[in-house]
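Asks: One structure coming up, written as structure tokens, with questions to follow.
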Amino acid sequence: MDHQGGGQQESVNMTKALDALSPWVRNPRRIIVQIEAFVVAAVMLLLLQLILGSFRPQSRSAFIQVGSWMAYKLSFPVVTYTLGMMQSSPVKNALYPVWAVSLFLVAGSTTAVKAFDLDDNKQWKLYLFELFQYALYSGLTLGLLFPYGFKESFNLKNLMFQEHHHQTGNKVTFAIVILNLLVFFTHITKVISCRFVCKTNPSRAVTEFMKNQATRCDYMNSQPFERDPVSMKGYNYPVRCQSVILRQASGVNTADSGAQLKDLCLSYALFKLLRQRYFGMVCAEASLPETHDFVFKGLLSAEDRYEIAFKIVEVELGFLHDYFFTTYYVIRKQQIPLFVMMLVRIILILFVGAYVLPDSLSIETPSAAIEVHPKAADTIITLLVLCMIVFVELLQAACYMASDCLKVSLTCKYVRNAHLGGIKFFVSLVGFYSRFSIFRYWTGKIGQCSVISECQSFASNLQYVLKPRKNPFELAYELTFPKKKASVNLTSKLKIAIARNLKASNGYLTNGEASPKKNNVLEQFSWALRGPTEIEVILVWHMATDYYIRTSQEEKEAATCHQEFAVTLSRYCAYLIDYAPELLHGYVDAELGIARMMKEVSETIGSLSSIDAKYKAMHDLEEREEEDDTVFRKGVKLGKQLERMDNSNLRWKLMAELWAEKIIYIAPSDNVKKHMEFLAKGGEFLTHLWALLSHAGILKIDRDNSLATMPGQP
């Protein structure tokens, strides 16, 4: 009985097995179509990674940011699933090895996107494991092309005396094997690049170099020694650590590109200095008076240099983005070998495509398999996939050639080999195509937000503080898909105005006191410069600015540049509080105060639909005693006080200078990681100011115990 029951169970299992295999037997073509679709999808994801990833630093668009994230995250499961399907399915096709190597190429991502965020760099061990996994899958799939076994297939006698069909098959098999090996070694670059970011050794070497320079400067200060922050004489900043220094690069005078390449080398040196802060290392140069002079007497020596100073910082932050989010920094160290490997890959891909076209591939396997012969559509799709991969390879090379990493590399070669005329030609060429930049380093815009106009959506991430019972799905939707913020172009005039204010401060940063003091109104407005946190003080002045701009429009006052600067910077500060609070010091301490303020704003004017009604309600708001005033009421009170000033030009001049002070005052921060993360999200102008102040030696401000910071304070 038991034996009979066991046989019956075995019969049932066999029936189930046959039922499971029947779809493959009846319609094996469906499996091939599915695999083809996944291969095409994977290559399309690779192309999207490259295109969208290249535009990430210069756009805050949800389409580019989310699209880049999806292309980056989806490519891994798509490649793994498709390779697994080809390996496990009994349905086989002669094009499997070509598709497998195509997927292997996709698996390594692009040179323009090695990591979507900073934490992805820490996953280098996982990437290495996945790389070996993909190599194994691809290698097993290659077994379909070895009818004589691995050893016999590559026997030279077999290659010479086999039948033409087998001889052709062995040639293309050999090409695919070499292509797999090249792809493997190319993908190792990504692993090395991620590992490189996690290592502190490069930054430690720069730190030691700068410590030695600081010691040398201390000695030089006690001796008669000429140092010029404008010409950089006496300043040794590392370009390639100790082998090439900036004062050597100052000898580059190739046509009109000499000054541009000198500034590029300076940006690269500053990038290495700023990178120290990410790893938490001591910036030995910060306490030196030469560091203060470098910014205030060098970069900001004259008004015609202000924009150049911001451009140098912009390029520096571009180097930081490439270091953390692309493989360009590692490619720069092995340019020639990687370039040769790319050319060989392209040649092998074209070679394989040439043999795919006449249907020269065939498979023989000792295992039972359902072979489906390639059709014309399969050949066309495969050729299309190979062409897309070649296009991606060429586009990646073009993106790297347009990057500043290559320009610095060529400049360093020129400095070390100035006697060779050939390199001079390359530097001229670099200077020429640098004028035609495809990708910018950031958006070039600053966000704008008005608490009064957007009272229902401002600080939506803090609504849980006072509304814990809010629908969690609604809250999740608001946090995932926030309302798109307005933005305006950062004009040259505004940058110059901020730089002028910074130069005038000479490094003594205040929270807005300098402007009222200079205009003899500090006593009137000193109460509005005090508050529990700096962020709440900013919100008071922001609402006062928005309130007064409405009043000035009603009185038809002529718009001035001071008015434009004040309103733009006021709304940018509000935007930072709403969109990028992590960049601001003391935001966590101010969360409850902001939430209470927004509750009061919503209760007072939130139900009013028109902007005129909101301002009328604010105008009719009764004033209270100072100790009972909330942030919202303080803002309205300050707006009315500004309204009562006699000279309208003085009002806007006061507010423009005050907002320039405040945007500079809030820039110093220890949260380096958040600044780096925003580099891949379109960038923030606050990060540019943060970097500029870092190079002036102003790394942080003791906002709790002092109203100003001394220049050069570490």
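Even glycines carry a Cβ here, placed using N, Cα and C.
Curation plays no part in TrEMBL annotations; they are all automatic predictions.
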Asks: Which range is it, out of 63-84, 305-326, 679-700, that shows up in TrEMBL as transmembrane segment?
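Replies: Result: 63-84 is the stretch TrEMBL calls transmembrane segment.
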Asks: For the annotation transmembrane segment in TrEMBL, which listed range does it cover: 96-116, 264-284?
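Replies: Of the candidate stretches, TrEMBL labels 96-116 as transmembrane segment.
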Asks: Quick one: sort out which of 128-150, 519-541 is the transmembrane segment according to TrEMBL.
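Replies: So the range that TrEMBL calls transmembrane segment is 128-150.
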Asks: Tell me which range among 170-189, 650-669 TrEMBL lists as transmembrane segment.
Replies: 170-189
Asks: List, by number or range, the same-chain residues at least 6 past the transmembrane segment (380-402) whose CB is under 8 A from its CB atoms?
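Replies: Residues 36, 39-40, 43-44, 46-47, 50, 54, 95, 98-99, 102, 105, 110-112, 328, 331, 339, 342, 345-346, 349-350, 352-353, 356-357, 374, 433, 437-439 contact the transmembrane segment (380-402) from elsewhere in the chain.
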Asks: Find the average pLDDT over the domain 'DUF4220' (69-453) in the predicted model and report it.
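Replies: It averages 78.
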